[in-house]
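Down below is the structure, laid out as C-alpha cells.
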Amino acid sequence: MSEFLRIAMAQFDFPVGAVAQNAERIIALIEQARDEHGADVVMFPELALSGYPPEDLLLRPGFLAHCQVAIERIAAATHGIVAVVGWPQSAGSVVYNVASVLCDGQVEQTYRKRELPNYAVFDERRYFEVDPNGSRCVFKVKGVPVGVLICEDLWFSEPLADTVCGGAELVLVPNASPYERGKHAQRDALLAERARETGAAIAYLNVVGGQDALVFDGASVVVDGHGRVHPAAAAFSDQWLVVDYMRSERRFVPLQWVVESEVSINALVWRAVVRGVQDYCRKNGFSKVWVGLSGGIDSALVLAIAVDALGADQVTAVRLPSRYTAELSNDLAAEQCHSLGVRLETVAIEPVFEGLLAALGPLFAGMAPDATEENLQSRSRGVILMALANKFGGLLLTTGNKSEYAVGYATIYGDMCGGYAPLKDIYKSQVFELAQWRNRVSDVLAIPPGVIHRPPSAELRAQQTDQDSLPPYEVLDGILSLYVDQEQSREDIIAAGYAAGVVDYVLNLVRINEWKRHQAAPGPKVSQRAFGRERRYPISNAYRG
C-alpha cells in the first residue's frame, strides 16, 4: 500500500462544442500528467469533453454520438495512469452528465451525476436524467479508495456520505461552477463542512474560461480530512494543480501549487470581465475590438477592460462628437487613449444627424424636440460604429452598465449596438469603484481622474446630466439591488427606507424596459442575479408588485 497518491488536476478551458479538439487536448494532458508530473490520477472538469454548458447541442444525436466516439478514443490512449473525464453520455432516449474512470485502454467505471441543478443559470433537468438505479463510483489506485462526485452533488450531504460509505476516503469532484461575487467564501465553507461531516479528503477541480455570459473562475482547491481548505489555484488562470495525497494523515502536499494572497472583490470582478471579453472574442473568431469612446466613465472603463483583455494594439477607440459634446469629453478621450497606447479615430455624427433631421423634418413639423431627436444621435453613433466593425473587422463592445439596462437608460439600436457588453452585470456605482481600483493597481493611468469625477451625462442635449432623468445612482442602485438581485417587493423596498414615489418610478422603468433587455448583447455574469438566462421575465406583463 502506497503512502501517497499523486493527483494532477487540469484547471483549463475546454470550449463548448469543440469535441474533437477537446479530446486531443485531454489525451495530451493525460500524457503530460503521467510523463512530466508523475501523476497516478489525472482529473478533468465537469463535461470537459463537450464543454459546459452545451445547452441544446445535447438534443442533437450526432453530437452525443461524437462524444461517445471521443471518450472511447481517450480511453484507448490512457495507459499507466487513471484519468477521470467528464462528458455527456447518451443511453437510449436519455442523457446523463457523467464522469468516466479511464484506465489501461478502457472505460473502467462511469459515475452519473445525482443532483441536477435547475435554478439561476442552470437548467440541467432540461437535458439530463438521474439514474433511477442510483450511482456510486469508488475505485482503488495504489490501494487508496477513491470516489467521484460531480459539482452539485457536493451541495447536498447524502451523495458524499454514500460515497464514503462505499469505502472512499478521497473524493474527486469535477465542477463547472461559474463565478459570482461572494461565491468563493460560500463554496469554501461548504467544502469544509462536507469534509468534517465525513472525514473524507476532497479534490475540488473547477473549469476556467468564458462561455458567452458565464465566466468560470477555476480557483480549484483541496480539502483535507479535517476540513481545512487549501487554496490551490489562482482564479481565472489556466494551470495544473499537482498534489500528493498523504493517506496516513489524509492531507495534501503541494508539488505544483499556486497560492494567492487574499484577492479583493474588485480584483476578482475585473478578472472575470476581462476573461469574459477575452474568451468571447477568441471563441468567436475576433482578434480586435472597437469601442465608442465618449469621455464618460462607462466607455472609459470598457476601453481599459478591452486593453487588458486583448492588448492595446487590438483595440480601436472612436470619438463620435456632436453639437452637444463638450470639449472636455474629447480631451479626456484623447488623454485616455494616449495613456493606454490605443489608436483613436474621430467621426463627427453631425452630418448623419442633420441628414436624419432633414429627412424627418416634414413629418415632425410643428412638434417640439424630445427624446426622439436624442435617440437619433445615439443611433447615428451606432450606425457608424457598426459600419467600422463591418468594414474593417472586429467586435464592437457596447458600453452600457447594469443600472442603465435595468431602467432602459439606453437607446435600442443606438448605444446598445454591439456584440458583447462587458458592464452588463455591473451597476453604475460599481463602475466607479472598478475605475478607481484599476487606477490604483497599475503604474499606467487607465482612466483619467477627470472622467471619474465629472457628473455622468449622455450629452444628447445642452446641459444634460443623468440625474435629470434618474435618481442619484446610490439611490437607484440600492433600489435595483433589492428589486432585481433580491426579488424584493415594492413594500419591502419602501420599508428599507426608500421614498415610495422614487420606488414606484424606478420599478415602472424596470418593468417597461424588459423588451430592451431581451434584445441586449450578452455580457459576463458577476452577480448572483444577472440579466439574461437567470432572470426570465415576460415582456408582456400586467403584474405590479
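Cβ coordinates come from backbone N, Cα and C, glycine included.
According to DSSP, Glu46 (active site, proton acceptor) is assigned to coil rather than to any helix or strand. Contacts of Glu46 (active site, proton acceptor) defined by a Cβ separation under 8 A and a same-chain sequence distance of 6+ are given as Tyr52, Gly86, Asn97, Ala99, Ile150, Cys151, Pro174, Asn175, Ala176, Val207, in order along the sequence. Residues annotated as active site, proton acceptor in Swiss-Prot, with sequence analysis given as evidence: Glu46.
Cβ neighbour count for Lys113 (active site, for glutaminase activity): 27 (other Cβ atoms within 10 Å of its Cβ, all protein chains included). Look at Swiss-Prot and you will find Lys113 tagged as active site, for glutaminase activity.
In this structure, Cys151 (active site, nucleophile) is part of a helix by DSSP. As annotated by Swiss-Prot, active site, nucleophile applies to Cys151, with the evidence given as sequence analysis.
Sequence-distant neighbours of Thr399 (ATP binding site) (same chain, 6+ apart, CB under 8 A from its CB) are Val291, Gly292, Ser294, Asp298, Ser299, Val302, Asp415, Gly418, Ala421, Pro422, Leu423. Under the heading ATP binding site, Swiss-Prot lists Gly292, Leu293, Ser294, Gly295, Gly296, Ile297, Asp298, Ser299, Thr399.
Summarised as a single figure, the pLDDT of the domain 'CN hydrolase' (5-247) averages 95. What Swiss-Prot records for 5-247 is domain 'CN hydrolase', and it gives sequence analysis as the kind of evidence.
Residues or ranges marked as region 'Ligase' in Swiss-Prot: 269-545.
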Gly292 (ATP binding site) - helix vs strand vs coil (DSSP): strand
Number of Cβ atoms other than its own within 10 Å, given for Ser294 (ATP binding site): 26
Separation of alpha carbons, Lys113 (active site, for glutaminase activity) and Gly296 (ATP binding site) (Å): 48
Neighbours of Gly292, Leu293, Ser294, Gly295, Gly296, Ile297, Asp298, Ser299, Thr399 excl. site residues, C-beta within 8 Å of centre, ATP: Val291, Ala300, Val302, Leu303, Ala333
Entry from the binding-site residues list Gly292, Gly296 having the most other CB atoms no farther than 10 A: Gly292
CB contacts for Cys151 (active site, nucleophile) [other CB atoms within 10 A, all chains]: 28
